[in-house]
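Structure first, commentary second.
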């Protein structure tokens, strides 16, 4: 640093010695720096910077003899950065900008001797007049009257104007008092504007953070309250079933664990009512109109009631500290992410950090595989771990850089860094997904014999057709935007004989916006196939199983052979897909939504989503092979949450408003239509998180047979861990945005990240309840219709 300072000092000395009398040299800093090298905050070392103005011609002066020596710190005689605006404008002889609120720097207009008070007063009055004009327009535009009370800006202006002599100026007039009066008007106006424009409701911020923190605490208590028995697979046991039926006949039932979720929902709703209506009543009686405080009080009372219900419920006591390596990984991943959001550099490069965390998980699982005794399981775990890492690396090639990442980042999501359309070669990516993705899904279902029943038809034909027409849509969209047909016609005319060229030109042109119409109808057909027909098929579909009957010849040792008249052959019935009856059938639901998300994402984003789905299936296999149940290892939901976050960045988004792909609102529409257009933008923006949320129940249902007990409870717990990850991120971003509310990067980094986290949490909550839990309920009922209820 010392060497760099000496280099800059030499540069400035050389520059100052070579400028002429008509040149003004200004050396200034836009911010300071603290002892750690940080800047952009609100500490004195960070907001204070040096200002040095030099001219070979003596034009600057001091208003007081003691001002000859420069101040030791910026606390003495400070100059606001906005004061440079009127100062430079007047020195260059150009009008002061209309919305200026600064005032001229004294030393620049008081003269070399420091006695030109008339010149300084004239400059101050000119700047104050501009401020007065701006304030008048400001109040007039809002239809409000300016206050004229003593000490108000309007009163100070009148007093300053009264000090200006009318007509001939008498010798010895006190121009210093005129300058001081206008300076006081400018200072009061600036203070008043700061009170309006930089006002933070700290009380409401604390209330919001407290509500969010209490919600996260309630989630953690619920996650740790459930016992480990919730994740135990129960195989058919005739003795156990007979014992349970005997207890039921005696009126003894064990429904505590199964009714916990119902009790919590009832407690949350009933607990919110008194607080909500109490807050509304307080708002009405006080007349403040802060009705939202009722919602805040209702949230507090609701969380408190839930915590009381959890305390009364049976189960293990609350233990926030994990007991396994995987539990510690889940906690470290979540906490490190949340703490990192206090740094603007960490937030800016969040997409790269997501990839690092996923790679870390893949390496740890690969190393853990060497402890497995079964060689086939060991090899498969290593294979899926390496595949998990490689797929993440492959998805990282889809990237949309934010402005702060330049020039260390290269955007690949669009045709170029300045384009908003896909390159022609990118249109091939969806077609590649069409060819290989259904086969990949089949490969994950085949080992458990689950590619049976509806699965071959739906995945092999319907799912593939949805992906294919989605790829066709983006070809039509590119052809419409790039006017391919007219270009193709011109190119063909140059190569064809004149007769063929004339015949081609004589053909009637296509109707106006024909390609747009065709693409809109294609998109509507895909969405109808995926969401309407797909949801209907999922509700009524039977389990993905097949029953195979084989004939076996009775051996002499078979007891049935000794029975007179017994058949020489017996039939053996095998149920294919029995061990994955729940998981294989539920997989149809995320696949249906995947087709819709695949459509609304641009080609590079569609490829990233396909890789995310592939990674998720590998994650399911890793967790199954390592025997990591949800009850004691929250790493599964946390990794799915990280996959969803990573897909958010790889589908062309960043935590900034400028990355929102508004054109997705018109994929199946000609114009904006509510509520469909906003829903399409949400599907496009949060496609990764939505897909990950719908896949969370697979952590419980994958490789689960029909007789597994407590599925809904285990799924709700997995979803709670998943939501807790996003809730913790939302809480952290909220806290850091509030704490850094005076930071230089507040509205560029911290506030957009908080808004992204808040909306993401809302979307995840809605999808988890409306799609996830409802889908599991339908899935359990369908399997139970064939195999009977497990509970």
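Cβ from N, Cα, C; glycine included.
Keep in mind that what you see is a predicted model, and the values were worked out from it rather than measured.
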Margin query: Which range is it, out of 291-313, 383-405, 544-566, that shows up in TrEMBL as transmembrane segment?
Written below: 291-313
Notebook entry, point to check: Which stretch, out of 518-541, 638-661, is listed as transmembrane segment by TrEMBL?
Noted result: 518-541
Note to self: Tell me which of 427-446, 487-506, 567-586 corresponds to the transmembrane segment entry in TrEMBL.
What the structure shows: 427-446
Check: DSSP helix, strand and coil counts for the domain 'GPI ethanolamine phosphate transferase 2 C-terminal' (641-773)?
Finding: 98 helix, 0 strand, 35 coil
Notebook entry, point to check: Along the domain 'GPI ethanolamine phosphate transferase 2 C-terminal' (641-773), what average pLDDT does this model show?
Noted result: 93
Item checked: Chain residues outside the transmembrane segment (205-223) and at least six past its termini with a C-beta under 8 angstroms from it -> 264, 293, 296, 299-300, 303-304, 306-307, 310, 318, 320, 634, 717, 720-721, 723-724, 727-728, 730-731, 734-735, 738
